[in-house]
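*Asks:* Got a structure for you, written out below as structure tokens; questions coming shortly.
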Amino acid sequence: MSIFPRIALKPEVHDYLRNVFINKEVLAAVSQGEAEQRFQRLLSCLSHPPALTCVRASTHLASLEEIQHRLGEELKQQQKCDSQSEDISVTILPHPHIPDVLLLPVIGPRPVVQLTSEVIVGAQCGSAVLRGAHVFAPGILATPKFMKTGDAVSVFSDLEGKCTRGNKDFKGKKVFVGNGVAEMDRSNIFCSDEPVKGVGIRMVEPLYQSPSFDGVLPSLAFLQNLPSVVVGHVLGPRPGERILDMCAAPGGKTCHIAALMGGQGEVVALDKIRGKVERIRQNAKALHLDCIKAHCFNSIKAVCTDQAQDTEGPPFPPQSFDRVLLDAPCSGLGQRPSMVCTWNLKEICSYQPLQRKLFHTAVRLLKRGGVLVYSTCTVTLSENEEQVAWALNTFPCLTLQPQEPHIGAEGMLGAGLSPEQLRLLQRFSPELGWSAAEARGEDDTNKDTIGFFIAKFLKS
């Protein structure tokens, strides 16, 4: 059900995306009206949270049934401890097709009455609230002048990024995301000499009801979008293999790959930001996965010219890995909920050259007979289907492969790929299942996700 405005884009980005979804190949297959409707549905669904919260279960440590039971008990206990929170039963369902996924239906939008006291948070913080988070103090931009701990407040997300930190009476565009209770005085949030930490507003009546997973079963339950879990299964890691995750932070997919291998083999994780690499190591330690080797390194330079070089860390000789995951840096236009994108067209289009540089390295590092999986969390053609067409033309050694599981839609028209090639691609297109008029049912399990793209190649 659509209750928020469509995602706000710069006019040049809006027109660019519209041309993507109403291209000549699409118009040869469907009417202009159908293509336009799909594009408008995309803009609507991007500003709303998915209908299900996805949890990847650490089935290398415990059975899915045990984790499902323990998660249910933990969330019940969480509700008992939070006396001000509403008592709402939590449903936890196993995914019908993915053996290590649990799904929690999101309840919303709910009829929550707005209060007179208003707190404004940044857009990123507001999106997190819509997916079950409390408001952490660094995300708070404006509060009532005399807000004290214990005050009931309504929380709004700043739509245009115009609210200045410390504001007392913001009049700009904002969207209501729920009611909460202040955990800090205003003075502690804005007047502290040191960076403020911790929960600033505890959400008690969110517009979309979803459990907070802060500190809940950290070694057994890992919050991860459904398509991101599918990527690990599509890669198909096997015990004893050596696998490279080229752009690994924050490490969710890295840890999933290692878990699917039963901890047997080696998963090399690269990222060029040191703080993110440390987070990968922390995640690996929390999930008891000792086979992960994380390095701070620019993946574009991860292949060396010396065939005889035999080092544990990068750069690596050509053909060093059985499988490579290139979950590429991208424009991120599939992320949900996202009510505003402040990027200009130059920024949106800047990722294709970077992705191609990474692709060259990935192919060189992959063994003959090895598998390369390319994925993004965006909806553009230039970063998805066009990259596949370019890769097939640039690297004759690559062929597209069937994906298992294949629970998303096929690839989108517009890049000159054949129907057979499009069927081998997997595009999670939330707009295809999004309609304010239709009831959400079981079929939405695989449709109402973030926007995402997966391609699987074999190197001959």
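Cβ atoms here come from the backbone N, Cα and C positions, even for glycine.
TrEMBL lists these features:
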ACT_SITE  Cys377  active site, nucleophile
BINDING   Cys247, Ala248, Ala249, Pro250, Gly251, Gly252, Lys253, Asp271, Asp306, Asp327  S-adenosyl-L-methionine binding site
DOMAIN    146-460  domain 'SAM-dependent MTase RsmB/NOP-type'
*Asks:* In sequence order, which residues at least six apart in the same chain have a CB under 8 Å from the CB of Ala249 (S-adenosyl-L-methionine binding site)?
*Replies:* Asp271, Ile273, Lys276, Val277, Arg279, Ile280
*Asks:* How many other Cβ atoms are found within 10 Å of the Cβ atom of Cys247 (S-adenosyl-L-methionine binding site), counting all protein chains shown?
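*Replies:* Cβ-Cβ neighbours of Cys247 (S-adenosyl-L-methionine binding site) within 10 Å number 21.
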*Asks:* Need one number: mean pLDDT over the domain 'SAM-dependent MTase RsmB/NOP-type' (146-460).
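*Replies:* 93, rounded to a whole number.
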*Asks:* May I ask for the distance between Asp306 (S-adenosyl-L-methionine binding site) and the residue listed as 'active site, nucleophile', taken between their Cα atoms and rounded to an integer number of Å?
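*Replies:* The Cα atom of Asp306 (S-adenosyl-L-methionine binding site) is 34 Å away from the Cα atom of the residue listed as 'active site, nucleophile'.
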*Asks:* What are the sequence-distant neighbours of the residue listed as 'active site, nucleophile', meaning same chain, six or more residues apart, C-beta distance under 8 angstroms?
*Replies:* Asn225, Pro227, Ser228, Cys330, Gly332, Gly334, Gln335, Ile450, Gly451, Phe452, Phe453
*Asks:* With S-adenosyl-L-methionine as the bound species and Cys247, Ala248, Ala249, Pro250, Gly251, Gly252, Lys253, Asp271, Asp306, Asp327 as its recorded binding residues, calculate the greatest Cα-Cα distance and give it in Å as a whole number.
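*Replies:* Farthest Cα pair among residues binding S-adenosyl-L-methionine: 32 Å.
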*Asks:* Taking Gly251, Lys253, Asp306 as the binding-site residues to compare, which has the smallest set of other Cβ atoms within 10 Å?
*Replies:* Asp306
